[in-house]
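The block underneath contains the structure these notes are about, expressed in structure tokens.
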Amino acid sequence: QNEEEWDFVLVSDIHEMGSEKEIKRKKFLDELSKKGFTIKKIEDTKLFYGVRAPQHIFWKYQCLLMNPDGRQQNSSAHQDVPVTTRIRVVHFILQNTVTSDLEKLHDLMKKKVFEAAFPLHKKEKIREILKKKWARWRVIFKQQPIEEIRCYFGEKVALYFAWLGWYTYLLLFAAGAGLITVAVGASVFSSSQVSKEICDAHNTIMCPLCDQNCSFWVLSDTCTYAKVTHMIDNEATVVFAIFMAIWATVFLELWKRQRATVATDWDLYGWDEEEEELALQLINNQQHEPRLYQHSYFRSAIILILALLMIMVLIGIAHALVIYRAVAVALFTQSDVNLLSKHADTIAVMTGAVLHYVTIVIMTKVNWHVALFLCNLENPRTFSEREKSFTVKIFLFQFFTNFSSLIYIAFFLGRINGHPGHYVRIAGHWRLEECHPSGCITDLFIQMAVIMLLKQTISNIMEYLIPWISHRLRKKQKRRKKRSVILGEEEEVEDPCKRQWLNNYELNEVNVFSLFNEYLEIVIQYSFTTIFVAAFPLAPLLALINNVIEIHMDAIKMMRLHRRMVPRKAKDIGIWLQVLEAIGTLAVIGNGLVIAITSDFIPVQVYKYMYSPCTKENHTSMDCSTGYINNSLSVFHIQDFEPHTKVLPEFNGVQIKKCRYRDYRNADDYTYTVQFWHIFAARLAFLILFEHVALCVKLIAAWYIPDVPQKVKNKILRDKHSNLQNELSTMEYCTEV
């Protein structure tokens with residue numbers, strides 16, 4: 001037989017004759033034979049069974065799913081079935097063939113009767129084109145051959161790469177805007193009035209950062225950090241945040257147009273996933289009864305409660321990271337190592353970020369199992385419903401895993417820790433950490449930078465290295481076994497299929513979640529790129545670099561390191577589109593909150609227009625933020641420290657009576673000043689204004705850009721018109737006859 005003709009290969013260990021596994025395997029293969037499948041057996045260190053479906057199965061498929069005109073075609077039409085459709089149909093029948101013991105292939109694989117089942121990477125022209133134009137590093141900046149990807153891997157994979165390519169292309173604009181924002185900040189790196197005041201504050205004595213044996217410090221020590229902070233915390237950041245809210249909307253609207261064009265070109269508008277699944281069930285078993293829609297409020301309530309419990313666990317882990325940082329700051333500041341004690345805050349934040357990354361890696365695996373368990377509990381009706389349900393659950397869990405700690409740093413850090421003389425403490429012992437002396441946005445910037453860099457570098461290296469090493473080891477193992485078998489023997493003539501099947505078997509296995517993992521990774525990255533982008537304007541640039549590498553790394557994995565994916569049909573990216581739209585809305589809220597609450601943008605503006613020297617007299621030559629730093633620091637009297645606080649009262653030989661800390665409190669009773677409430681009201685007003693403006697702009701952009709291009713609408717209209725005309729002509733001809 002021609003090696004090209006085998007649709008699927010089943011792999012099994014060599015079991016003893018008459019053993020339970022051997023009997024189960026024979027029963028399954030007999031069921032396939034009854035359906036007209038041709039089976040070829042090749043023995044090596046494993047048993048390989050090539051299966052080929054009979055042509056009448058594909059003819060039935062075409063008859064059931066073709067349009068009315070297609071059904072009138074002659075029976076030779078089945079020869080035109082694309083390879084992707086052929087593999088998909090055979091895969092469905094293999095997965096749904098039931099033995100006399102009521103076991104399916106999935107059950108037999110669990111019991112180790114079969115080890116693997118996969119379609120073949122074959123030596124065909126399209127594969128060579130993909131290897132040359134796509135799955136190699138030298139074509140990294142060239143356009144992807146989406147049509148060829150579709151013909152080899154099916155519509156679902158092609159749509160993923162089309163979407164990823166489109167997202168990467170539009171990231172060029174976001175990355176450019178981010179670089180301009182940082183460049184604007186860098187241009188005033190040393191000239192910012194606020195930074196100058198911090199750098200010149202050699203006599204501003206700040207309160208100790210810990211309770212035991214910590215000395216006072218001078219505000220000018222944070223000069224470099226203050227300059228860096230001003231690079232990301234300036235007026236340009238507000239414009240950039242609004243730009244990113246619009247960008248997220250425009251990206252999705254333009255993708256909808258792109259998808260509509262692709263769906264029309266690939267003739268997917270009339271295709272229905274549910275109808276295809278029903279047709280395949282009937283081809284597999286004519287007596288099949290459809291599973292009806294059901295809904296249980298009790299089951300839904302249980303799943304909701306369990307999901308909420310899981311989210312609470314994830315928030316609890318974020319709290320554990322908060323505790324770690326509070327304890328770490330206390331221990332580092334008391335350390336004998338000068339580097340640790342001097343930069344205790346920064347080191348605590350950076351080690352906290354690394355620890356956060358480790359929890360992300362661990363919890364991703366836990367989230368996976370929990371989401372699968374909840375999906376099984378929900379028991380969705382079809383595979384596509386199961387996929388949607390799983391997507392929503394895993395995204396929610398991953399979102400809280402990735403963002404709980406960032407949400408705390410952005411909106412709670414330094415706001416719930418009390419003040420000198422009355423600190424909020426963990427277990428009555430450790431002080432809650434404060435914001436970095438140069439501003440709360442610095443902590444968020446560090447956390448975002450560490451997580452994004454670690455996620456993208458380590459994850460990408462592991463994503464490529466693990467399959468590569470695994471493939472090499474499998475090949476080595478295979479060769480060693482082969483040598484031991486043929487040693488001292490005359491090698492017989494090898495079946496032409498054997499080498500091809502072995503080569504495919506040596507590749508890494510794929511499953512239904514292989515593509516899902518890629519989507520999830522990019523959607524979480526999209527969240528990082530949009531939600532807190534005001535604190536880290538370089539996020540789109542990092543995402544852009546990552547995606548350019550990711551596209552070709554995925555291509556190389558799929559073509560050279562992994563077995564062939566079962567091609568799946570789809571006319572869009574599914575539930576991921578709704579997830580992306582939800583992230584777009586969260587991005588508006590998140591960036592509004594970052595500017596209003598985390599950054600110093602609002603306090604500086606309130607100071608400029610209500611408390612600065614400019615309000616008292618007309619100083620055209622003076623910068624209106626002059627005196628802001630002194631105004632933003634409150635005074636604390638040393639005698640009011642808590643009894644157990646041990647501080648060194650002398651600093652540089654001077655006896656200290658009072659120190660400063662970041663807050664707006666009265667010097668006598670430490671209650672909030674009027675200025676605090678002015679700033680609070682301004683933050684609230686800005687937040688409401690920013691979010692309403694950004695959401696309105698999003699809605700206008702969504703309305704302005706039609707989801708479906710005019711040429712696509714006109715093509716569908718013309719097709720409908722010509723079909724009806726043909727129908728009418730046929731009817732008139734039949735009436736005349």
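Cβ from N, Cα, C; glycine included.
Annotated in TrEMBL:
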{"type": "DOMAIN", "residues": "84-146", "note": "domain 'Anoctamin dimerisation'"}
{"type": "DOMAIN", "residues": "149-718", "note": "domain 'Anoctamin transmembrane'"}
{"type": "TRANSMEM", "residues": "157-186", "note": "transmembrane segment"}
{"type": "TRANSMEM", "residues": "236-255", "note": "transmembrane segment"}
{"type": "TRANSMEM", "residues": "301-327", "note": "transmembrane segment"}
{"type": "TRANSMEM", "residues": "347-374", "note": "transmembrane segment"}
{"type": "TRANSMEM", "residues": "394-413", "note": "transmembrane segment"}
{"type": "TRANSMEM", "residues": "523-552", "note": "transmembrane segment"}
{"type": "TRANSMEM", "residues": "573-597", "note": "transmembrane segment"}
{"type": "TRANSMEM", "residues": "680-705", "note": "transmembrane segment"}
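Most Cβ pairs under 8 Å to the transmembrane segment (523-552), among the stretches 301-327, 347-374, 394-413, belong to 394-413. Between the transmembrane segment (680-705) and the transmembrane segment (236-255) there are 3 or more Cβ pairs closer than 8 Å, counting only residues 6 or more apart in sequence, so the two stretches are in contact.
Per-residue pLDDT, averaged across the domain 'Anoctamin dimerisation' (84-146), gives 87. Helix, strand and coil counts from DSSP across the domain 'Anoctamin dimerisation' (84-146) read 32 helix, 3 strand, 28 coil.
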